[in-house]
Every structure is written in C-alpha cells, then in structure tokens.
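According to TrEMBL, the active site, proton acceptor annotation covers B:328, B:329. The NAD(+) binding site feature in TrEMBL is assigned to B:130, B:192, B:215. The substrate binding site feature in TrEMBL is assigned to B:238, B:260, B:263, B:329, B:362, B:416, B:421. Per TrEMBL, Zn(2+) binding site is recorded for B:260, B:263, B:362, B:421.
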C-alpha cells in the first residue's frame, strides 16, 4: 500500500531516507571485488575479461567471439518487428533533433591590441557506451547514449553489453545501435567491461569517456576509473516526484508512479499534492493497477519501501520539498505548470502538464533520459552532446598587449613567489636582452 | 641538465612516463587515511575538523576561530601593496569579462502540436572552493575559482584554506576573495576541509560543488566524495608542452619551461622542436637561468625528472605527439600558429605565437587557469561557469502530440517489458477510461 503522510509529519526525514536509499554500507565491501577485476583486466587484458565473463555472466567465450560479428548485426534486423524498427527510427529522429539544438560551437573574440581569446570545442577520440543486459536490456538506452556521441562527431564509438544465455545480445539493442550509427559492439559487461574500456585490451580499445547505466559493480568501477577516463555520472536507481493539484487525474498519476516503480525494487515514486482526495484516489488506483501487473512483486516492493504520498499545504511548499530532494524526474501535473516551474531549482527533467507522462521523455520526446539520481540534480545535468566534447582555451597576445600587462603580471608572480613566471614576460618586453 | 632526444628514440614511451608521473602506488595507502578523515568529519563535524587541523596543520583552533573574521578581512587590505591590489583588480576584470562570454542560457523550442522542449539552466545553491595554503597560496587561484562561481550567480560561495603559522591566512588570498565577492572563508585545509564541504558541520555549510586544486590528500578526498557532491576535476601536477620552430627565441622558450618547472618538483616541461640548434640553445639557456633561480633545487628536480626536449621531423609530427600527451598547457611558438592549431585535438589551453607566454594566461588573459592535467585534456576542459551550473530538461506535450506518438511508445515499452510505461500513455489517449 502506498503510504500517505501530511506535511505535519516529518516529510524531510522521509524524503531524505528515500534519497539516501543507495548509500548502503555494503558498497565498501563490493569495492574490493571491483578493484580486483580492474587490476586483473589492466594486467591481463582479454584473458581476464574472458575469465570474469565466465565467472559472473556464465558464458564461455573465446577472444574472437568478444566482438559481435557483422552477420549477427544483420540478423538482428530480422529478429525485430517492423513496428519496433519504426518506433526505434522515430525515437532516433526526435532524439537527434533535440540533441542537435545548441551544440557548443568554437568561438574567438578579437580584443584590443590584437589579443585573440576563445574556446575551441573538439570531440573526444573514442567513447565507450555501457548498455546493461538481461531484464534491463533497453534499446532506448542505446539511443540515448549513442546519439549524443554521434552528434558530437566522436570518431570511434563502441558499445559493451553483457552476453545473455547462449552468448546472445538482445536484437533490439543491436538494431538500435546500428540505427544510431554504432557497429562496434563487444559482448562484455560488469566491472570487467568498464576496465576494458578504461585500460584497453588486445581486442577492446581504450576509450576517453565511458557513459551508460549499470548495476552497483559497474557504477563502482566507473567511479574508480574516473580520472583515467571521463565518465557521464554515477547512476543510481530511478525516481519520479510528481507535484499534482486537484486538476490531476488520479488514474494517470497512479500509472506514472507505477511506471517508475516497475523499473526496480529500489526505484522511488513520490507524489506531493495539495488535494487530500487526489491523494486517496491515487492510493486506490495504484492498488488497482498493481493487481495484474506483470512485474507485480518487484513493483510492490518499490512502492512499499520507496513510494510516498505527501499532502502539502501549498504548491510552493511542494516545490520547496522537491528542491531539497532534487528528483531525477519531476512531473508538474497542475493547472498552471509554467507558474510552478518558477519555484523549481533542481530537477533532472521537468514534465509539464497533464499530457506529459514521464514515458514520453523516456522514449522519444528528444531530451536525454540519462539523468542525475539520488540528489545529484543539485549539481549535475542530463547526459548530452557536451559529455563527448571538451574545449581548449585559445589565447594569443601581441607584443603591445603583453607590454601593457607586463607590470601587473610581474607584481602577481612576485607575490606568488614564482620568479620564472615574471621572467618569461619581462624577457619578452625588455627592449634588448 | 634538460635532456634532448630525437624522434628516432622512443619518444612515446618517454612522454607516457611523464604523463603517468602521478599514478604511483602510494595512492592506495593514502586513501585509507583519507577515508578515516572523511568518516570522522561526517560523524563528528567541527570536533573532527579541529582535531585534524591540530594534527596535520599544527594549529589549535576553537570552533569560533574557524571562520575568518570581518576584521581580519579588513586588515588584509592594509597588508597588501597598492600595486598588488591593482594587479588583482585588473586580473579580476579580465577574468570576469572572459567568463561572461557565452554563458549558457535557458531556451525552449516550440514544436508542432504545442510541444515545448528545452533546457533550463540554474546555478547550484552552494559552492565550496579549496584554496591551497603554504608556499602555494596563490591569489590567482582564488580569482580563477571564485569568479566563475559568481558569474554563474551561485547564491552562496565559501572558501576553505588551511591556516598557516599563528593561524594566519595569506592576506593576498583574503583580498582576492573579497575582490571576487567571497566573504565566507574557513580556516581549514586537507581532506578534512573537503569532508566538511561534502557533509557539512556545525560551522561549515554542506555545498553542492567543490572546486580547486590541492595536494594528493585533497585530490583523493575529492574523488571519494564525488557523487555526494559535484567536483571540478582531479588536479595533478602542472605541465607545459611547447612546440617551437626556428623562429622561436630560445631564451623565451627556456623561461617558459622554467615557469612550469618552478611550480613543483613533479611539474613537467616539454619542448618539441623541428630545429636542432634551437634545442641546444634552449638547453643552454635553461642551465643559465637556473643558476641564480630562487627555487633552484625543486626546479632542477622537475627539469631533471620530467623535463624533455625532443627534436622532431616536422610540426605535424609534433602535433601528433602533443595530441597523444594532451598537455594542460600547450604553447605554439611557431611562425604560423593558426596553421598548426588545425592539427591540435587535445589540450587544456593553447597559447599562440611568440608573445603569449603561459604566464599571461596563468594570471590575467581571462581564460581559466584551472585546466585538465595528466592526459585528462583527452576528455576534460577548463573549469568554467558551467562547473557551477546545471540544467533541467523541459518537456511539455499536448493531447494531440501524445496521441501521435502513443503507438510508438507502446511498442517500445512493450519491447522493454515495462507495461506501466505503455499504460501511462495509453490511459491518457483512450477516449474514455
């Protein structure tokens, strides 16, 4: 049963408990395993990759089988329905269109005395995308990671994904990869896949940036290799926070809460509402929609542990609680969402109005569905084209310009005790040396 | 003596050795200490902060002394020279002008069927800046961290910096902080400062983003708290790579190499040149400029261990080596730097021509001097206003628009085994429910 509490209860403590749901003490223990895997792959390359694939994924591969072959890529198209292929193509088009908006461009500014300053954007050389396997093998995840990399013009994009039974990869994943322009796919998952991408092996190339969601081992491995490579973020279980007033439809709100809860027993689904009867009606609708839910057990677990309805005094109070929680997904199912959004400061993605269920953003509206979780929206943003770009500062001074600032640099360098800094300028501006 | 090798030697191995100079095995050992400090501060707050300040910085403070007082802030202005104050103000103006260019702006795109998509940029609520103490107490570091935070409109910016002898903080640091608009300064350094910012204590506020350079303990602490808060980067020792042809002045090139080497015995200073006589003349000039260098011992160490001159066959070959190294600072001291920059893919900052020593960028040209080191320029960029901003995706669909994509979402959600995702859309578009 989805609990209802009121603003008089300790809402902050409950929201904090839900936000902190991943910070368990087992993490430190798992880190030892992950460190071992990273070290082994760094030292032994493919041999260690194959060893851990046998141990953790129970698939015995030889090195030649690591890369998904051209014929498997072709065959995948015959294994997905025409409807699914068309849906993947529609999603690809809309995601690409959104990601092509406002891509950072190199620029220079010409100042006085022939000073030129600017930023030059360039893509990383190689990107590695982690795509989970098993129950969570989602073609949408492929599109949301591969399309931004392609829009960034990354010259080489590779995918790693764990093999399922009989070494197979989900054909919808293979089709989505090809539709997004990625042909280089390796059958490896877990921390061993992250290690292979970070250090390189005989078969799998070392990359510069690793993106994509995974289980706790994958996330720990990404954190440990950060600094050797760039990463997108440390993804935790998914979450939605819905702010609704009396204009919201309780059946729709219930479906949106369940659409989050069905992901994972650790998923969080929170409703903040000003309307007591909406609260009760959503509670009833959730129960009803759970009855014949194909993922009932896990979904009920999420609802029981990390589901919550809070009856709040005002929409402003709801916005305040939401800002403290900083949800991955925020739905504003209220009469005037554009008024309410003014009060929102921290959220991964904001879904406005009654016809914008989170699912439309998960699949195809265009914005990225890889979003900061567990409060990270306080400082982080969606994955994007920027994840695969970096910039170099551009500085060009002239003799005249250098002459004008030489005195100031001399004073600063002397104050900082860095004589050669001062010297490198002084020698250039002195008339004879 | 600065070594000269030729392209026939194993240049790649040498550059790799220099790039990897921080990846020492002692790190794992220090991590245990850092974890202990983080846990203690998380649990005991100020008490642990004061304990470690006594232990590591040898300064015994009471909680009331943690924050630098208003009278200390005032007094600092009397302790810096008028010249230094003016230089700090000039640098502030130029740094702010550069950082105000191309600040990301929120945007929405109005599509067909009343679809609205966009990105909304907001600053983090609170930022914490780490400013090193002791020999490396640099007012320029304050400006380069605080000004982007202020341009991002972060509501609360705090500085932490370790106390020196008699609990004092460098007055130039205090003046630079105030010139950049930061009044809230805490007398704490090391891993205990990072812990205080990540978790909050009775006195020091928890922040959302921590930036700024520090020693290995600070860097390890930043890596460990990443995920609880955002961080700018994991800074290593500084480095410069200079590409020079026969038009370069060897005395200037030598001064630029020493300006890097004088930072730290771990600093790297590399010259790639097509001109054998330039190579020799730079070698001689470095020796000569070292003779009465005030930091001779440490500077010589850096030159001996991580200094290198490579005579290359062509500027294109130099660019290739440089791209593999991905230097923090890259100087193009060649006749036509704008032709050569076309071949450059990875560098933190690029200094063009003969009148642009790195020092001009270190202090006041405008671009940030906090740059990716140790090869991180392969995927990372300078600290900037973006470090203190994040964005929320904006999605608004209409009933009509949702109707048009409902079928595709249904197919995708069904393929991914997420029935409530499909349901949340289907229930909204069915005529009666």
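Note: Cβ is positioned from N, Cα and C throughout, glycine not excepted.
What TrEMBL says about a protein is an automatic prediction, not a curated fact.
Structural mapping of features recorded in TrEMBL.
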residue: B:130; record: NAD(+) binding site; contacts (Cβ under 8 Å, 6+ apart): B:159, B:160, B:161, B:189, B:193, B:194, B:197, B:210, B:211, B:212, B:213, B:214, B:218
residue: B:192; record: NAD(+) binding site; contacts (Cβ under 8 Å, 6+ apart): B:37, B:41, B:48, B:49, B:52, B:53, B:56
residue: B:238; record: substrate binding site; contacts (Cβ under 8 Å, 6+ apart): B:260, B:263, B:264, B:267, B:268, B:328, B:329, B:373
residue: B:362; record: substrate binding site; contacts (Cβ under 8 Å, 6+ apart): B:140, B:369
residue: B:416; record: substrate binding site; contacts (Cβ under 8 Å, 6+ apart): none
residue: B:421; record: substrate binding site; contacts (Cβ under 8 Å, 6+ apart): B:409, B:413
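Between the candidate recorded positions, B:263, B:329, the densest Cβ environment within 10 Å is the one around B:329. Between the candidate recorded positions, B:260, B:328, the densest Cβ environment within 10 Å is the one around B:260. Checking the recorded positions B:192, B:328, B:416, B:421 against chain A with a Cβ-Cβ cut-off under 8 Å leaves B:416, B:421. Close to the recorded NAD(+) site, the chain also has B:132, B:160, B:162, B:189, B:190, B:191, B:193, B:194, B:214, B:217, B:218, B:221: residues not among B:130, B:192, B:215 whose Cβ is within 8 Å of the site's Cβ mean position. Annotation note: residue B:130 (NAD(+) binding site) sits in a strand segment as assigned by DSSP.
Within the set B:238, B:260, B:263, B:329, B:362, B:416, B:421 that the record links to substrate, no two Cα atoms are more than 56 Å apart, and one pair reaches that distance.
Long-range Cβ contacts of residue B:215 (NAD(+) binding site) within its own chain (separation 6+, distance under 8 Å): B:132, B:190. Summarising the NAD(+) site geometry, the residues cited as binding it (B:130, B:192, B:215) extend over a maximum Cα to Cα distance of 13 Å.
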